[in-house]
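Feature annotations, reproduced from TrEMBL:
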- 544-570: transmembrane segment (TRANSMEM)
- 545-809: domain 'G-protein coupled receptors family 3 profile' (DOMAIN)
- 582-603: transmembrane segment (TRANSMEM)
- 615-639: transmembrane segment (TRANSMEM)
- 659-678: transmembrane segment (TRANSMEM)
- 706-727: transmembrane segment (TRANSMEM)
- 739-759: transmembrane segment (TRANSMEM)
- 771-794: transmembrane segment (TRANSMEM)
Amino acid sequence: MSFSTFMNQLFHAEDRVCLQMGDPENPQLSKDGDIILGGIFSFHSSWINRRDTYMHKPLPLQCISLNFRGFQYAQAMLFAIDEINNSSDLLPGITLGCKIYDSCGSIARGVRASLALINSQETIFKLSDKCTKPAQVQAIMGESSSSPNMAVATVIGPFHIPLISHFATCACLSDKNKYPSFLRTIPSDHYQSRALAQLVKYFGWTWVGAIRTNDDYGNNGMATFIETAEELGICVEYSVAVFRTDPPKKIQQIIDIIKGSTSRVIVGFLSHLDIDALIIELSQHNLTGYQWVGSESWIFDSHTAAMDPLNSSIEELFREFWEALFDCKFEDSVSTTTENQRECSGHEDLAGVKNTFTDMSLMPIFYNIYKEVYAVAHALHDILSCNNTCNKTILQHIKKIRFKTKEGDEVYFNENGDPPAKYEIINWQPTENGNVEFVPVGLYDASLPADRQLTLTNRTLVWAQNSEQVPVSVCSEKCPPGTRKVLQKGKPVCCYDCLRCADGEISNSTDSISCVRCHSEFWSNERRDACIKKKEEFLSYEEMMGALLTAASLLGTCLTAVVMFIFFRYRRTPIVRANNSELSFLLLFSLTLCFLCSLTFIGRPSGWSCMLRHTAFGITFVLCISCVLGKTMVVLMAFRATLPGSNVMKWFGPAQQRLSVLGFTLIQVFICLLWLTISPPFPFKNIKDFKDRIILECALGSAVGFWAVLGYIGLLAMLCFFLAFLARKLPDNFNEAKFITFSMLIFCAVWVTFIPAYVSSPGKFSVAVEIFAILSSGFGLLICIFIPKCYIILLKPERNTKRNLMGKEGPTH
């Protein structure tokens with residue numbers, strides 16, 4: 001049956017529906033039947049007190065402000081009753097009737113109506129003789145709001161008469177200890193509040209305002225929303241309560257709070273009447289650009305979307321409705337007739353009416369009423385089918401029923417009297433003609449796992465101010481990767497500062513609450529959002545310092561080779577022969593090894609290079625110092641041999657010289673072998689000295705071994721220096737002891753300086769210091785001992801004579 005067909009039948013079939021046009025204490029709609037169902041709806045949204053002008057006595061309340069929504073609810077109930085009565089399958093041979101009261105938006109009137117329904121003591125104003133059979137109702141189709149339902153459910157609970165609501169969503173009504181006879185065909189706010197919180201979280205709104213109706217519906221629903229929002233990391237900047245009868249001063253306070261807020265999203269847990277009053281005030285203050293997230297109470301309300309509330313003070317319900325619907329006046333209407341307003345005939349056709357009255361956007365709510373009437377019918381059918389063997393009340397039967405509607409939807413109630421929790425997500429989208437279209441864009445199903453409860457379709461969402469971008473409503477902007485959140489003192493958790501991660505720490509996600517330290521071999525990049533492998537640092541041939549030291553090493557090797565060639569070329573000259581040519585050539589060979597061993601310190605450390613560099617350095621330097629020591633001892637022994645009766649040279653001849661060099665060197669070889677056997681040097685990644693890079697170096701293994709090698713070299717050097725110092729004034733025209741003394745002085749100075757420099761130098765610079773000490777020592781010995789001789793050999797050959805060396809010839813002019 002279409003809407004227009006049903007409405008025309010409703011207004012013209014007086015034998016089926018009785019229209020109460022008198023005292024509002026009596027039912028506004030009644031229909032005869034074998035079984036009577038009760039209904040309590042608000043056909044008006046408010047009322048006024050009246051007093052007798054002459055007797056000064058209070059009269060019954062006068063309902064004002066026509067609420068067409070309530071009339072549509074009643075229409076849906078009548079439609080379902082009519083369909084059941086015409087059915088041959090459900091309650092065959094039984095007709096359903098109804099008595100529907102106007103609660104006028106008053107809890108007190110709702111309670112009085114419920115008492116009248118269960119006691120059947122009201123006086124019926126009849127328009128037909130067929131409306132004369134009062135009977136106790138079997139069930140009551142409840143009010144739309146939660147607070148009136150709580151009051152009515154408390155009153156009728158002891159009578160076990162079912163109260164079924166289509167629109168009361170307060171989670172408190174699920175308490176069967178308080179409200180044992182209450183059921184509903186709309187899900188509890190226990191789920192809706194969580195669905196709203198998940199929807200807000202889905203779009204990244206972490207900073208929202210909250211406005212609620214100041215009643216059980218709004219207060220309980222908003223409390224659950226705030227609790228869930230906090231669990232999801234959403235902060236509520238403000239939470240205020242409003243009621244449509246609040247004084248202007250309180251409304252202004254709410255307006256000021258909204259003006260002073262920074263959140264751009266408002267969650268409204270409001271009844272449609274309360275949000276109508278609030279939106280009017282907001283529009284007058286030009287408060288636009290907010291994203292509203294609404295509860296089921298007003299999200300489908302076309303009056304709210306159109307901003308076109310209907311006000312009326314006409315007492316007669318259907319005259320009021322008819323006149324407002326067709327913009328006409330009945331001849332005997334008590335309301336003021338405007339100029340050129342046509343007269344109502346009572347036969348106007350509803351099929352052509354297209355306005356807010358005939359808007360069917362509330363069809364899901366009408367469907368809830370349709371389902372609750374059918375639930376009662378199925379329970380009655382079960383009772384009548386058990387042939388008086390049933391001991392259960394109708395309330396118990398309703399709690400157990402399970403059936404499917406013609407549309408295929410399954411209807412049942414859980415242990416709390418609630419239906420399955422499923423919600424459509426609706427987006428208001430403006431149309432070209434200026435109206436607002438309610439577009440389903442998603443679904444929330446509480447029966448699914450938590451990560452799949454909320455789903456949005458691909459249909460375009462229309463945002464505030466027709467923007468194609470999702471609105472932003474946050475207290476603080478998201479912290480990008482590379483930073484962490486630090487809460488602002490005294491503010492909610494959604495208000496924070498973004499601090500850059502420290503060196504060596506990263507955060508690779510948005511809004512990270514902490515930074516993670518990189519692995520010891522990794523370091524944070526410049527953006528602090530990724531760990532990158534630390535740069536491995538060692539003294540390489542490619543870098544400038546390594547290249548210079550390599551060049552110096554090769555230069556020293558070449559110079560030593562040149563000197564060796566010169567000495568070999570002039571090996572028979574007196575100056576070469578007089579200075580123990582065999583030790584000289586061995587010294588030059590050991591200097592060559594010293595210069596070359598410095599190359600083992602350059603390049604990536606490996607196991608072999610680490611063991612080779614220190615042992616080669618230690619042995620070659622001992623060989624070198626042993627040769628110098630031998631030469632020094634030869635000088636001293638030669639001088640002693642010139643004394644009368646001395647035969648000391650036979651005890652320190654060439655063989656003894658070779659054995660002394662070999663013996664001193666073998667001691668160092670033994671120390672090195674012992675070091676390598678017990679705890680040899682090994683390649684090591686130093687991650688402590690520098691945070692952002694790894695120093696590849698050779699760990700000493702045994703520090704005792706290292707310092708034993710250096711100590712032995714130093715001991716030989718000090719001995720050599722001491723003997724050379726003693727021989728510095730020997731009568732010789734070319735006293736080599738002087739040059740040895742000077743070379744040993746340089747050698748000792750270099751290595752004494754090396755120790756603190758080596759210990760304090762970081763990373764590869766310690767290796768460079770060691771190479772520099774080796775090269776400096778080598779060049780010192782080469783220059784001080786051999787360059788003066790090469791000078792005489794090449795540039796002063798006249799001085800390269802035996803007599804000149806012995807001091808028996810004067811200088812040549």
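Backbone N, Cα and C define each Cβ position, glycine as well.
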When you check the transmembrane segment (544-570) against the transmembrane segment (615-639), do you get at least 3 Cβ pairs under 8 Å, counting only pairs 6 or more apart in sequence? no
Other same-chain positions with a Cβ less than 8 Å from the transmembrane segment (615-639) and lying at least 6 residues past its termini are 579-580, 583-584, 586-587, 590-591, 593-594, 597-598, 600, 648-649, 651-652, 657, 660-661, 664-665, 667-669, 671-672, 675-676, 709-710, 712-713, 716-717, 719-720, 723-724, 726-727, 730, 735-737, 740, 743-744, 747, 770, 774, 777-778, 781, 785
Which residues of the same chain, at least 6 past either end of the transmembrane segment (771-794), have a Cβ under 8 Å from a Cβ in it? 539, 549, 552-553, 556, 559-560, 563, 566-567, 570, 573, 575-576, 579, 584, 587-588, 591, 594-595, 597-598, 601-602, 617, 621, 624, 628, 734, 736, 739-740, 742-743, 746-747, 750-751, 753-754, 758, 800
Any residues 6+ beyond the ends of the transmembrane segment (706-727) with a Cβ under 8 Å from its own? 614-615, 618, 621-622, 625-626, 628-629, 632-633, 635-636, 639, 664, 667-668, 671-672, 675, 681, 700, 735, 737-738, 740-741, 744-745, 747-748, 751
Restricting to the domain 'G-protein coupled receptors family 3 profile' (545-809), report the mean pLDDT as a whole number. 82
